[in-house]
């Protein structure tokens, strides 16, 4: 016997969260809970404003229609990426095909303060990896901050994310302030320039490895080995079903590229599932999941070690 419930939720964000020039005051999303006999599976559907093609309202409409079809015996996945991802996670939990083992070693987001980062990294076992957002301020300032961090912490490897913010000139201004001796400790820089060709040129000219992120979701993207490209960053909420995520990871690994499972600012429930996906598909790579502290609460499932209050399922709005 099948049953299901869909929950709508909204979590207040910390004041300083800005995505593509818009301030994100709340994180809005949906959960789907599927039950079959004694088994239960959960999934999160939370399109990311400014990044997802679909809105939260569109996702809700598609999700509710899919749930009704599933209750009637139809299991075909929806095409909308955020809904496909959440539904496939719920189905995987329901059939016990999403392993329980999780990788909670999130690469910490750094605000540029070396002392703060040293404290965050002190308890991190193994490789010291952190992430810095660049492209929000002047490129020269970004270069100086990155150089300072690499100089202050000799065993640090940095992941940088520019979100296509730079022109070729700004990319060169950034690189000018990063000591060439430190550049190989930049694990990768995600999408430095507005076009892929400019990003490729940046990698060739600076020796700083790059990673594809937004490019993966463009219709003309193909997985090929390229000079200067070291990694792909896979955001499942923006990608689609678990099967599509797995296909992308396998395609990257076949080329010798690092594949990083990364957050789209999901709630704690979604983040714990991403940690499980990372342990399953990319066991040797630290995922990019250090986004929970951007929110003011956890929901339904706790992230280990987080002190944020937890909103239980009974407090969420039911849609069925």
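Each residue, glycine too, has its Cβ placed from N, Cα and C.
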Checklist entry - Besides 190, 213, which of 161, 181, 197, 198 does Swiss-Prot list for that Mg(2+) site? => result 161
Checklist outcome for this item: Checking the recorded positions 133, 161, 190, 213 against residue 235 (active site, proton acceptor) with a 10 Å Cα-Cα cut-off, in sequence order, leaves 213
Item to check | Residues flanking the Mg(2+) site, with Cβ no more than 8 Å from the Cβ centroid of 161, 190, 213 and excluding those residues themselves | outcome: 159, 160, 162, 163, 189, 191, 211, 214, 233
Checklist entry - Ranking the active-site residues 133, 235 by other Cβ atoms within 10 Å, which is at the bottom? => result 133
Next on the checklist: Within 10 Å of its Cβ, which one of these binding-site residues (161, 190, 213) has the largest number of other Cβ atoms?
Outcome noted: 190
